[in-house]
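Database features (Swiss-Prot):
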type: BINDING; residues: GLY84, 87-88, THR92, 94-97, 112-120, SER124; note: 5-phospho-alpha-D-ribose 1-diphosphate binding site
type: BINDING; residues: GLY84, ASN115; note: anthranilate 1 binding site
type: BINDING; residues: SER96, GLU230; note: Mg(2+) 1 binding site
type: BINDING; residues: ARG170; note: anthranilate 2 binding site
type: BINDING; residues: ASP229, GLU230; note: Mg(2+) 2 binding site
Amino acid sequence: MTITPQEALQRTIEHREIFHDEMLHLMRLIMRGDMSPVMAAAIITGLRVKKETIGEIAAAATVMREFANHVEVQDNSNFVDIVGTGGDGSHTFNISTASMFVTAAAGAKVAKHGNRGVSSKSGSADVLEALGVNIDLQSDQVAASIAETGMGFMFAPNHHPAMKNIAAVRRELGVRTIFNILGPLTNPAGAPNQLMGVFHPDLVGIQVRVMQRLGAQHVLVVYGKDGMDEVSLGAATLVGELRDGKVHEYEIHPEDFGLQMVSNRTLKVENADESRTMMLGALDNQPSVAREIVTLNAGTALYAANVAESIADGIQLAREAIASGKARAKVDELVRFTQQFKR
């Protein structure tokens, strides 16, 4: 039985759950542009106020995946997405993007799904452009990039065209809604493994269980207790891990891996060019907090990708990838490969 938008709104006002099939129906209306902007705004705000459930988020992500332009990847082994929800307000350089190069250099395949900066001074798309990467690729070109270089960047607007039907509503509302947490759940290449950073501690347990429902294989959802949507050097990090169908939640500390706890203040940047400079310094093996946090996050991603047996092993592989120059070489490789498709 379908639900009308008005009934769904009433449900959110009463703090009652919208069931799976109902949420599928509502989300399809939104993605097709068949729901009025007023009703769409009211429902997504109502969901936020009552707090979205795991079931509601999983259903919404299922529909977003349905409407996406998919990237077909033949070999799913050691295939990982490194992504953050953003919105953590930390204004750091692009740690997950830097980690992509290290993770690929150490033997994983990385499908990075990202956008321009919204809350940050530099989104993943902005810094990749500053590096010289052509981000405007078709789905088959992204697939070729993953096969050839071990990395592919999927610029979100190219892969989620239906999002234009809710873009104006989201912009005018100006508050976080369910759509802020759907991006990391809707990788167009369907990477079965993931390192996902989130902007709130409550989302660690929620997002990892959403990924469990969506059939993911090995996922680590992380929240740095200093507010970062990354594995942090400045505080303990909360982890929700999905492996072999089971969820475990725990805390990790930099000292667990022989790293020094140090403030993330030195990682702040004002724009994409500053982010590019800091990233290249880390990949060039210049001793810095930037290098250490990239090593930590890439090591965690290598564990998520099942290249490493543990985060500690992953960190060792990441160190070797940076020290050998392989990680830095991956930047030039991605630039060269993507520029051939420049239109």
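Cβ from N, Cα, C; glycine included.
For the recorded site, ARG116 (5-phospho-alpha-D-ribose 1-diphosphate binding site), the DSSP three-state label reads coil. Using a 10 Å Cβ-Cβ cutoff, ASN115 (anthranilate 1 binding site) registers 17 neighbours.
Look at GLY84 (5-phospho-alpha-D-ribose 1-diphosphate binding site): DSSP puts it in a strand. According to DSSP, THR92 (5-phospho-alpha-D-ribose 1-diphosphate binding site) sits within a strand segment. Just so you know, the Cβ of GLU230 (Mg(2+) 1 binding site) picks up 27 other Cβ atoms within 10 Å once every protein chain is counted. The secondary structure of ASP229 (Mg(2+) 2 binding site), as reduced to three states from DSSP, is coil rather than helix or strand. Across the structure, HIS113 (5-phospho-alpha-D-ribose 1-diphosphate binding site) and GLU230 (Mg(2+) 1 binding site) place their CA atoms 15 angstrom apart. The separation of GLY84 (5-phospho-alpha-D-ribose 1-diphosphate binding site) from ASP229 (Mg(2+) 2 binding site), Cα to Cα, is 6 Å. According to DSSP, ARG170 (anthranilate 2 binding site) sits within a helical segment.
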